[in-house]
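> Here you go, one structure.
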(Lines of atoms letter the chains of each structure in order from A; the text may use other names.)
(Lines give C-alpha, C1' and ligand atoms only; values in the text may rest on other atoms or scores of the structure.)
Protein backbone atom coordinates (compact mmCIF):
# COMPACT_ATOMS: atom_id res chain seq x y z
CA UNK A 1 0.00 0.00 0.00
CA UNK A 2 1.31 3.44 -0.89
CA UNK A 3 2.10 5.99 1.77
CA UNK A 4 1.81 9.77 1.86
CA UNK A 5 4.76 11.66 3.34
CA UNK A 6 4.37 15.32 4.24
CA UNK A 7 7.80 16.95 4.39
CA UNK A 8 7.22 19.70 6.92
CA UNK A 9 10.75 21.11 7.18
CA UNK A 10 10.88 24.74 8.43
CA UNK A 11 12.70 25.95 5.29
CA UNK A 12 10.17 24.22 3.05
CA UNK A 13 7.21 25.69 4.95
CA UNK A 14 8.74 29.18 4.83
CA UNK A 15 9.34 29.02 1.08
CA UNK A 16 5.93 27.45 0.49
CA UNK A 17 4.29 30.43 2.20
CA UNK A 18 6.07 32.73 -0.27
CA UNK A 19 4.99 30.51 -3.18
CA UNK A 20 1.36 30.71 -2.07
CA UNK A 21 1.44 34.53 -1.80
CA UNK A 22 -0.41 36.02 -4.79
CA UNK A 23 2.02 38.96 -4.80
CA UNK A 24 5.03 36.75 -5.56
CA UNK A 25 6.06 37.40 -9.18
CA UNK A 26 7.08 34.80 -11.77
CA UNK A 27 10.84 35.18 -11.25
CA UNK A 28 10.66 34.63 -7.50
CA UNK A 29 7.99 31.95 -7.92
CA UNK A 30 10.25 29.96 -10.27
CA UNK A 31 13.22 30.24 -7.93
CA UNK A 32 11.19 29.24 -4.89
CA UNK A 33 9.65 26.21 -6.63
CA UNK A 34 13.14 25.03 -7.60
CA UNK A 35 14.42 25.55 -4.06
CA UNK A 36 11.55 23.64 -2.46
CA UNK A 37 11.95 20.82 -4.99
CA UNK A 38 15.64 20.54 -4.08
CA UNK A 39 14.86 20.46 -0.36
CA UNK A 40 12.13 17.85 -0.85
CA UNK A 41 14.42 15.70 -3.00
CA UNK A 42 16.55 14.95 0.06
CA UNK A 43 13.63 13.12 1.67
CA UNK A 44 12.17 11.66 -1.53
CA UNK A 45 15.49 9.92 -2.30
CA UNK A 46 16.13 8.70 1.24
CA UNK A 47 15.68 5.01 0.36
CA UNK A 48 17.70 4.85 -2.87
CA UNK A 49 19.79 1.69 -3.09
CA UNK A 50 23.47 1.89 -2.14
CA UNK A 51 26.50 -0.26 -2.86
CA UNK A 52 29.82 -0.52 -1.06
CA UNK A 53 32.88 0.65 -2.99
CA UNK A 54 36.54 0.94 -2.16
CA UNK A 55 38.27 4.26 -2.76
CA UNK A 56 41.63 5.71 -1.87
CA UNK A 57 41.79 8.94 0.09
CA UNK A 58 45.01 10.98 0.30
CA UNK A 59 45.66 8.99 3.50
CA UNK A 60 44.61 5.40 2.86
CA UNK A 61 42.18 3.02 1.19
CA UNK A 62 38.67 2.86 2.67
CA UNK A 63 35.20 1.54 1.95
CA UNK A 64 32.34 3.96 1.23
CA UNK A 65 28.72 3.91 0.07
CA UNK A 66 27.61 5.09 -3.38
CA UNK A 67 24.36 4.90 -5.31
CA UNK A 68 23.79 1.54 -6.94
CA UNK A 69 22.48 0.75 -10.41
CA UNK A 70 20.98 3.15 -12.95
CA UNK A 71 19.99 5.68 -10.29
CA UNK A 72 17.20 8.21 -10.96
CA UNK A 73 14.90 9.45 -13.72
CA UNK A 74 12.92 12.64 -13.14
CA UNK A 75 9.70 12.87 -15.15
CA UNK A 76 7.83 16.19 -14.99
CA UNK A 77 4.20 16.36 -16.07
CA UNK A 78 4.07 19.19 -18.62
CA UNK A 79 4.10 22.00 -18.18
CA UNK A 80 4.11 22.95 -14.50
CA UNK A 81 6.19 19.94 -13.49
CA UNK A 82 9.12 21.42 -15.41
CA UNK A 83 9.47 24.06 -12.71
CA UNK A 84 10.66 21.44 -10.22
CA UNK A 85 13.30 19.82 -12.42
CA UNK A 86 16.10 22.37 -11.91
CA UNK A 87 16.01 21.93 -8.16
CA UNK A 88 16.08 18.15 -8.50
CA UNK A 89 18.97 18.04 -10.98
CA UNK A 90 21.04 20.44 -8.89
CA UNK A 91 20.98 17.77 -6.18
CA UNK A 92 21.05 14.75 -8.52
CA UNK A 93 23.04 15.93 -11.57
CA UNK A 94 23.36 12.42 -13.02
CA UNK A 95 19.58 11.96 -13.20
CA UNK A 96 17.98 11.43 -16.60
CA UNK A 97 14.96 13.63 -17.37
CA UNK A 98 11.89 12.43 -19.26
CA UNK A 99 8.77 14.42 -20.15
CA UNK A 100 5.08 13.51 -20.27
CA UNK A 101 2.33 15.65 -21.78
CA UNK A 102 -1.32 14.64 -21.42
CA UNK A 103 -4.73 16.21 -21.99
CA UNK A 104 -8.24 14.88 -21.51
CA UNK A 105 -10.55 14.37 -24.47
CA UNK A 106 -13.60 16.51 -23.71
CA UNK A 107 -16.01 13.94 -25.15
CA UNK A 108 -14.57 10.64 -23.93
CA UNK A 109 -12.82 12.07 -20.83
CA UNK A 110 -10.00 9.63 -21.59
CA UNK A 111 -6.37 10.79 -21.38
CA UNK A 112 -4.67 11.60 -24.66
CA UNK A 113 -0.89 11.53 -24.80
CA UNK A 114 0.50 14.42 -26.84
CA UNK A 115 4.14 14.10 -25.79
CA UNK A 116 6.21 11.39 -24.16
CA UNK A 117 10.01 11.17 -24.12
CA UNK A 118 11.58 8.83 -21.58
CA UNK A 119 15.02 7.32 -21.00
CA UNK A 120 15.30 3.99 -22.79
CA UNK A 121 16.27 2.29 -19.53
CA UNK A 122 13.28 3.71 -17.60
CA UNK A 123 12.52 0.24 -16.21
CA UNK A 124 15.88 0.13 -14.45
CA UNK A 125 15.59 3.54 -12.78
CA UNK A 126 13.92 4.99 -9.72
CA UNK A 127 11.36 7.33 -11.28
CA UNK A 128 10.28 10.56 -9.60
CA UNK A 129 7.20 12.18 -11.18
CA UNK A 130 6.98 15.92 -10.50
CA UNK A 131 3.93 18.18 -10.53
CA UNK A 132 3.54 21.20 -8.21
CA UNK A 133 -0.17 20.59 -7.58
CA UNK A 134 -2.07 17.36 -7.03
CA UNK A 135 -5.65 18.55 -7.48
CA UNK A 136 -8.13 16.01 -8.88
CA UNK A 137 -5.29 13.54 -9.36
CA UNK A 138 -6.30 12.79 -12.95
CA UNK A 139 -3.10 13.92 -14.67
CA UNK A 140 -0.82 12.25 -12.13
CA UNK A 141 -2.81 9.02 -12.24
CA UNK A 142 -2.70 8.92 -16.05
CA UNK A 143 1.00 9.82 -16.19
CA UNK A 144 1.86 7.00 -13.79
CA UNK A 145 -0.25 4.57 -15.84
CA UNK A 146 1.65 5.61 -18.97
CA UNK A 147 5.00 5.19 -17.21
CA UNK A 148 4.06 1.66 -16.16
CA UNK A 149 3.04 0.88 -19.74
CA UNK A 150 6.51 2.05 -20.83
CA UNK A 151 8.17 -0.31 -18.35
CA UNK A 152 8.75 1.80 -15.23
CA UNK A 153 8.62 -0.27 -12.05
CA UNK A 154 9.81 1.97 -9.22
CA UNK A 155 7.76 5.19 -9.21
CA UNK A 156 7.15 7.90 -6.64
CA UNK A 157 5.15 11.12 -6.99
CA UNK A 158 6.39 14.48 -5.70
CA UNK A 159 4.13 17.54 -5.38
CA UNK A 160 4.24 20.83 -3.51
CA UNK A 161 0.58 20.89 -2.46
CA UNK A 162 -2.11 18.23 -2.68
CA UNK A 163 -5.85 18.01 -2.12
CA UNK A 164 -7.17 14.95 -0.25
CA UNK A 165 -9.30 14.13 -3.31
CA UNK A 166 -6.22 13.93 -5.55
CA UNK A 167 -4.29 11.83 -3.08
CA UNK A 168 -7.16 9.33 -2.89
CA UNK A 169 -7.47 9.17 -6.68
CA UNK A 170 -3.80 8.29 -7.14
CA UNK A 171 -3.68 5.87 -4.21
CA UNK A 172 -6.79 4.01 -5.37
CA UNK A 173 -5.37 3.53 -8.88
CA UNK A 174 -1.71 3.06 -7.94
CA UNK A 175 -1.38 1.63 -4.42
CA UNK A 176 2.30 0.87 -5.09
CA UNK A 177 3.28 4.53 -5.65
CA UNK A 178 4.39 6.61 -2.67
CA UNK A 179 3.40 10.30 -2.62
CA UNK A 180 5.56 13.09 -1.20
CA UNK A 181 4.11 16.55 -0.57
CA UNK A 182 5.09 19.76 1.20
CA UNK A 183 1.46 20.30 2.27
CA UNK A 184 -1.82 18.42 2.28
CA UNK A 185 -4.33 21.22 1.75
CA UNK A 186 -7.98 21.47 2.72
CA UNK A 187 -10.01 20.55 -0.38
CA UNK A 188 -10.85 21.27 -4.02
CA UNK A 189 -13.17 24.14 -4.90
CA UNK A 190 -15.95 23.97 -7.49
CA UNK A 191 -13.46 24.82 -10.27
CA UNK A 192 -11.09 22.04 -9.30
CA UNK A 193 -8.44 24.25 -7.70
CA UNK A 194 -6.67 23.25 -4.51
CA UNK A 195 -7.75 25.33 -1.48
CA UNK A 196 -5.86 27.29 -0.21
CA UNK A 197 -3.43 26.11 -2.88
CA UNK A 198 -1.15 28.38 -4.88
CA UNK A 199 -3.20 29.25 -7.96
CA UNK A 200 -2.35 27.97 -11.45
CA UNK A 201 1.26 26.82 -11.08
CA UNK A 202 1.94 26.83 -14.82
CA UNK A 203 0.69 30.38 -15.29
CA UNK A 204 2.59 31.64 -12.27
CA UNK A 205 5.80 29.90 -13.33
CA UNK A 206 5.77 31.24 -16.87
CA UNK A 207 3.85 34.51 -16.59
CA UNK A 208 0.89 33.38 -18.71
CA UNK A 209 -2.87 33.53 -18.24
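Quick reminder: no glycine exception, Cβ is built from N, Cα and C everywhere.
Relevant sequence annotations retrieved from Swiss-Prot are reproduced here:
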BINDING   79, 104, 131, 132, 133, 134, 135, 136, 137, 138, 139, 200  5-phospho-alpha-D-ribose 1-diphosphate binding site
BINDING   194, 199, 200, 201  uracil binding site
> Could you state the CA-to-CA distance between residue 79 (5-phospho-alpha-D-ribose 1-diphosphate binding site) and residue 199 (uracil binding site) to the nearest Å?
15
> Rounded to a whole angstrom, what is the C-alpha distance between residue 194 (uracil binding site) and residue 131 (5-phospho-alpha-D-ribose 1-diphosphate binding site)?
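Checking the Cα atoms of residue 194 (uracil binding site) and residue 131 (5-phospho-alpha-D-ribose 1-diphosphate binding site) gives a distance of 13 Å.
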> To the nearest whole angstrom, what is the C-alpha distance linking residue 135 (5-phospho-alpha-D-ribose 1-diphosphate binding site) and residue 199 (uracil binding site)?
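Cα to Cα, residue 135 (5-phospho-alpha-D-ribose 1-diphosphate binding site) and residue 199 (uracil binding site) are separated by 11 Å.
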> How big is the gap, in Å, between the Cα of residue 131 (5-phospho-alpha-D-ribose 1-diphosphate binding site) and that of residue 201 (uracil binding site), rounded to a whole number?
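Counting only the Cα atoms, the answer is 9 Å.
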> 10 Å Cβ neighbour count around residue 137 (5-phospho-alpha-D-ribose 1-diphosphate binding site)?
26
> Please determine which of the binding-site residues listed here (133, 194) has the lowest count of neighbouring CB atoms within 10 Å.
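Sparsest of the binding-site residues 133, 194 by Cβ contacts within 10 Å: 133.
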